[in-house]
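S.K.: Features from TrEMBL:
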- 6-27: transmembrane segment (TRANSMEM)
- 19-305: domain 'G-protein coupled receptors family 1 profile' (DOMAIN)
- 39-57: transmembrane segment (TRANSMEM)
- 77-98: transmembrane segment (TRANSMEM)
- 119-138: transmembrane segment (TRANSMEM)
- 171-192: transmembrane segment (TRANSMEM)
- 248-269: transmembrane segment (TRANSMEM)
- 289-308: transmembrane segment (TRANSMEM)
Amino acid sequence: GSSWVAAFLCFIILLTTAGNFLLILLIVTQRSLRNTSNYFLVSLFMSDLMVGVVVMPPAMLNQLYGRWVLRGDLCSLWYSFDVMCCSASILNLCVISLDRYLLIISPLKYKLRMTSCRALWLILATWTLAALASFLPIKMGWHELDFEVRSPNVTSRGDEDQCRLLVSLPYALVASCLTFFLPSAAISFTYCRILLAARKQAVQVASLASNVATATTDETTPQVLQALSQPAASSESRRFANKHSKKALKASLTLGILLGMFFVAWLPFFVTNVTQAVCGCVPAGFFDVLTWLGYCNSTMNPIIYPLFMRDFKRAMGKYLPCCRRSGEPHASAISLSMRNSNSGPRAATSLKNVL
């Protein structure tokens, strides 16, 4: 059974490392992706890459051998990186949701508010908070009940040494609030506001399309052709409204998937972590499963976010044919010449052309 567990965990580690590294490389090499919003994505993918490179391999060795097989003084260092990288990933998700919220609410003032310098300061603050919640308390021993420094944080259980972070209730509450509960509340608030703004814009666009259709048929067409043009205009406006309602529905599904994956991955772990600090009654195997479930959020982030972002799809379509749109026509030399010249068929005047 351990061979199947090892194969599965190796697959998770390779997928996490390769996915985050390739997306960082894609943002760095593609000029169309080098913008202020994607700075936060680079920070997110960097934290998830560190989870796959630094955190997951020792955790896999712990899971397979049932004990800490590395040097004893590396245990506290590994757990510090564990807490820092996972906290940085969650905090980066919070910053990304705030960035998207500013972009949706006030798109005209977004570039004035979110400059490159401010984005870098936000990223620096994110990593600083993650480091202060991990390295400082663990190094000073504040996570222990007696607040004493224990250099190798290895607890002896029988003849085998287990590397487990046993935290006190104050540390569990403070760290969980700073790195999960408050950021998750901010993520939920911003994504719900984004969803409401998307639905509001869809309703406004639909009403605008119907008003334009009515004004076009009433003012710009003769009375003889008005009766003929009204069904076409109403169908065009209905099609236009349905298109934007589908976009609003797609945005709702996207936000639902993002929030669902985030809470499914991390909420059980943090609730169990606080429970373990209160009573110490959580089995070690169950706690390890929830820990790996949280690690898998770093595996899913490089899959979910580019999957719903059009710029990433276009950039990946240059290298991967499967990422191109199936219905996207390929431009030929004849079509380009007809497009650039004045010859060729002219489209009939309709509401779509007016819009």
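Keep in mind that glycine also has a Cβ here, set from the backbone N, Cα and C atoms.
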S.K.: Please identify the stretch among 6-27, 39-57, 171-192 with the greatest number of Cβ pairs below 8 Å relative to the transmembrane segment (289-308).
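M.R.: If we count Cβ pairs closer than 8 Å to the transmembrane segment (289-308), 6-27 scores highest.
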S.K.: If I take every residue in the domain 'G-protein coupled receptors family 1 profile' (19-305) and average their pLDDT values, what number comes out?
M.R.: 81
S.K.: So if I exclude everything within five residues of the ends of the transmembrane segment (39-57), which remaining residues of that chain have a CB under 8 angstroms from its CBs? That is, six or more out.
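M.R.: Result: 9, 12-13, 16-17, 20-21, 23-24, 27-28, 78, 81-82, 85-86, 88-89, 92-93, 95-96, 99, 116, 119-120, 122-123, 126-127, 130, 295, 298-299, 301-302, 305.
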